[in-house]
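The annotation site 'Part of a proton relay during catalysis' is assigned in Swiss-Prot to Thr54, Tyr117. Under the heading pyruvate binding site, Swiss-Prot lists Thr55, Val214. What Swiss-Prot lists as active site, proton donor/acceptor is Tyr144. For Lys172, the entry in Swiss-Prot reads active site, schiff-base intermediate with substrate.
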Amino acid sequence: MTLSASLSPQPFGRIVTAMVTPFDSSGAVDFQLAARLARHLVEQGSDGLLVCGTTGESPTLSWDEQLKLLEAVREAVGSSAQVLAGTGSNSTSEAVKATREAAAVGADGALVVVPYYNKPPQEGLEVHFRAIAEAAPTLPLMLYNIPGRTGCHIEAETVACLMDCPNIVSFKAASGTTEEVTALRLACGSRLAIYSGDDGLTLPMLSVGAVGVVSVASHVAGPQIRAMIDAYVEGEVGAALAQHEQLIPLFKALFATTNPIPVKAALEINGWSVGAPRPPLSSLPEAMRTTLSNTLSALRQT
């Protein structure tokens with residue numbers, strides 16, 4: 001028995017990799033390496049690529065860099081994957097402008113984070129997201145709730161009020177609980193495609209109605225994550241659980257400190273010279289790097 005029929009549509013597939021941004025030795029964006037990495041991720045099972053999200057270090061990229069990166073990835077993968085642009089801001093006017101520009105350069109969708117630092121009330125969040133949706137009415141949007149970083153949480157009831165915006169099609173749930181998925185499904189029904197925003201919660205979230213994951217770990221474990229999701233969707237829950245349990249050490253190692261510090265180190269260990277994160281982020285401490293290297297080695301043997 002497959003579970004596909006009970007799930008919402010998957011507007012961006014099952015696995016969207018939140019791409020790192022490669023930097024060269026001078027700290028400049030390495031657009032050629034970004035293109036190579038994008039093609040590799042698609043070959044490893046990614047249905048979509050998110051450019052300039054949290055993992056892509058958007059806070060330390062200029063908007064000019066972000067647009068050029070989006071264009072480079074879009075050109076690199078062509079029609080083989082959907083490309084989403086991170087266009088969120090705590091300024092509604094800036095988010096509107098960024099989303100329009102992303103649509104103009106060929107993005108397939110935009111990830112729009114809940115505004116950070118200024119902590120708007122729920123009424124303000126509804127106005128914010130409605131303005132973005134109306135500014136780019138043909139661009140599919142994924143709302144992004146990550147209160148641990150933003151200091152602000154969007155309620156399921158507020159999301160439900162936005163369901164009259166036809167291009168708000170999905171939601172990245174990164175509050176750290178499966179209860180968020182349940183609340184969203186009760187409020188919005190199957191109209192809203194919910195993606196796990198936490199690799200370690202992908203399988204639990206699938207079990208309560210999520211359709212996929214916006215993944216960091218898929219940089220280095222794309223086939224294994226694909227196998228886990230496919231097994232679950234095909235009703236092979238035991239196989240999915242076994243794959244999930246094999247991946248848990250990797251998930252822990254990749255989030256032992258602030259993302260994307262560990263995943264950039266993991267890519268370096270695997271031969272991808274993506275460079276260190278831009279300050280104020282730092283390189284991975286040596287002890288954590290050793291643990292990560294051992295975890296990657298063990299995963300390759302499974």
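Just so you know, glycine gets a Cβ as well, placed from its N, Cα and C.
Recorded features from Swiss-Prot, shown on the structure.
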residue	record	CB count, 10 Å
Thr54	site 'Part of a proton relay during catalysis'	23
Thr55	pyruvate binding site	22
Tyr117	site 'Part of a proton relay during catalysis'	8
Tyr144	active site, proton donor/acceptor	26
Lys172	active site, schiff-base intermediate with substrate	25
Val214	pyruvate binding site	29
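Across the structure, Lys172 (active site, schiff-base intermediate with substrate) and the residue listed as 'active site, proton donor/acceptor' are spaced 5 Å apart at their Cα atoms. Here the Cα atom of the residue listed as 'active site, proton donor/acceptor' is found 13 Å from that of Thr55 (pyruvate binding site). Nearest Cα neighbour of Tyr117 (site 'Part of a proton relay during catalysis') among the listed recorded positions (Thr54, Thr55, Val214): Thr54. For Val214 (pyruvate binding site) paired with Thr54 (site 'Part of a proton relay during catalysis'), the C-alpha to C-alpha distance reads 11 Å.
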